[in-house]
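Record features (TrEMBL):
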- GLU208: active site, proton donor (ACT_SITE)
- ASP341: active site (ACT_SITE)
- GLU450: active site, proton donor (ACT_SITE)
- GLU475: active site (ACT_SITE)
- THR561: Ca(2+) binding site (BINDING)
- CYS404-CYS436: disulfide bond (DISULFID)
- 34-54: transmembrane segment (TRANSMEM)
Amino acid sequence: YILRKMPVAPLLPFTVTPNRKSAIPTSFRLTEKFILLLVFSAFITLCIGAIFFLPDSSKLLSGGFFRSSPAVETNTRTGLESSNSGSAGNVERVLDKIKKDHEQALLEIIFPCFFVPLPHSPFLPTCQMMKHAWDGYRRYAWGSNELRPVSKQGHSSNLFGSIKGATIVDALDTLYVMEMFEEFDAAAEWVEKNLDFNVVSVEVSVFEVNIRFVGGLLSAYYLSGKEVFRRKAVELGEKLLPAFKTPTGIPWALLNLKSGIGRNWPWASGGSSILAEYGTLHLEFMHLSRLSGKPEFAQKVMNIRKVLNRLDKPQGLYPNYLNPNSGQWGQHHVSVGGLGDSFYEYLLKAWLMSDKSDEEGKKMYYDSLQAIETNLMRKSSSGLTYIAEWKGGLLEHKMGHLTCFAGGMIALGADGAPGDKTGHQMELAAEIARTCHESYARTALKLGPEAFRFDGGVEAIATRQNEKYFILRPEVIETYLYMWRFTHDPKYREWGWEAVQALEKHCRVEGGYSGLRDVYASSPNHDDVQQSFYLAETLKYLYLLFSDDDHLPFDHWVFNTEAHPLPVIRKDQTDQPNEVE
């Protein structure tokens, strides 16, 4: 089918007006009695249906699952700082607590994907999109990392080495929150029987394996309570630890999981590590310490901050490159898009995930955001706010699709902004969302390019052929979701619906969904890759955009940069923040 317009549910009268001549119910006409009977029957049916189908969000919002008792939280913390033998019992108590709370509270985070309360609800198309993407992968590429939906075969990126099943692990939590349990069970069975990290004999990207595999497994564990996901996440996390064996503790970008030998990308400024890669481990590694009782995970990511805090920042900015041997910056290139993006995201989310006890992460985030606003944010002649890239003090007036996540990030952090800057930051977030929407609206296919420019007389348009492609990225939809949650401005849902229509019209093929080579072309030219993050991020963000706000609420869940929800780690008031050394 082709989705044509944003559906609008008609408002229907909830009561029936009696005949004006009738003063009491006994004087109703027969037809009026029949109508009243129908209304009463419908009301009773609605009440019964609500009991069985609608989630009771009061328990979820009260934090029944997320707010552990002081004793449990104390045990958790003690477990991280005690001997391995002592920590084992504490970890067991933490896991027992999670499992006991699971049945009571986690069921309430599900909004049934195929329970559609209104005709033409956006829920149904987003769920059908997920089912089509998953079914294509399961039929043509099961066990491969990704799908080629046009040629109907598997596709594997070298980012994952010999690890298989990226789409399966990436999609686990999306399947679960959409209540696609048959598909989820099949994925869980595959993980149990086939996800093997011991056969890997080639290099993997530490960053990609962490956000997709470790993040996906952690999220699946917290949602479903299945022990296999916790066990696999910890196992993989342990295999990533040798990446930190550098003179500074700044991890390598690439790691051979079998030999433990690491190195950096050869193109990265004199053998440097990349800000967005070594800076996007914090959320997952803090949870790995919590679930394993091993403080080493937390220690590794906290050490990264120590290295960064010792360095001078040019104009308060964090360059994209850092040498792991010397501990000095490489080229002074700064970007809130590729190479830099999720570092800033994880500073904010580390503070939020710590129940706002991580004051160091909070300060680093707001200080860096101020430097970004001062040095990188600019406004075009027509009034579009964009975030440029900084190269040795000179601005390149280009903004990447990846940078569009920043609107959502700034909105998420606005409430905690220092001073009276909350309103100002929400305005910035809204302006960035508008700019990114314009980058979509100004293309022929109504989907955004990989990068767009503000120079040479153009605004929010890609001018180079190698920037005109669209690979099913989620960042613009992500910002729409955050802006909708914090403002309830209907335009964000309308913009999301425009994206649904464009995806269905131009990216959907018989075997799944494909990226596009040129969004300015009059007809789609498919790149024949269904990225795993399309199922993990793009479709999940679209689904949540049209969900109620108490479905995976932001005050209880923090999304990693691959959109895998991780619970806020509640701290007892007696705990000291950043105690892990």
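Every residue, even glycine, has its Cβ placed from backbone N, Cα and C.
Curation plays no part in TrEMBL annotations; they are all automatic predictions.
Taking the features listed in TrEMBL, we show where each one sits on the structure.
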residue: GLU208; record: active site, proton donor; contacts (Cβ under 8 Å, 6+ apart): LEU159, PHE160
residue: ASP341; record: active site; contacts (Cβ under 8 Å, 6+ apart): ALA276, SER335, LEU402, THR403, PHE405, ALA406, THR561
residue: CYS404; record: disulfide bond; contacts (Cβ under 8 Å, 6+ apart): ILE432, CYS436, SER439, GLY448, GLU475, VAL476, GLU478, THR479
residue: GLU450; record: active site, proton donor; contacts (Cβ under 8 Å, 6+ apart): GLY400, HIS401, ALA462, ASN466, GLU467, LYS468, TYR469, PHE470, ILE471, ARG473
- Message: Just to be sure I understand the packing, how many Cβ atoms besides its own are within 10 Å of the Cβ of the residue listed as 'Ca(2+) binding site'?
- Response: 24
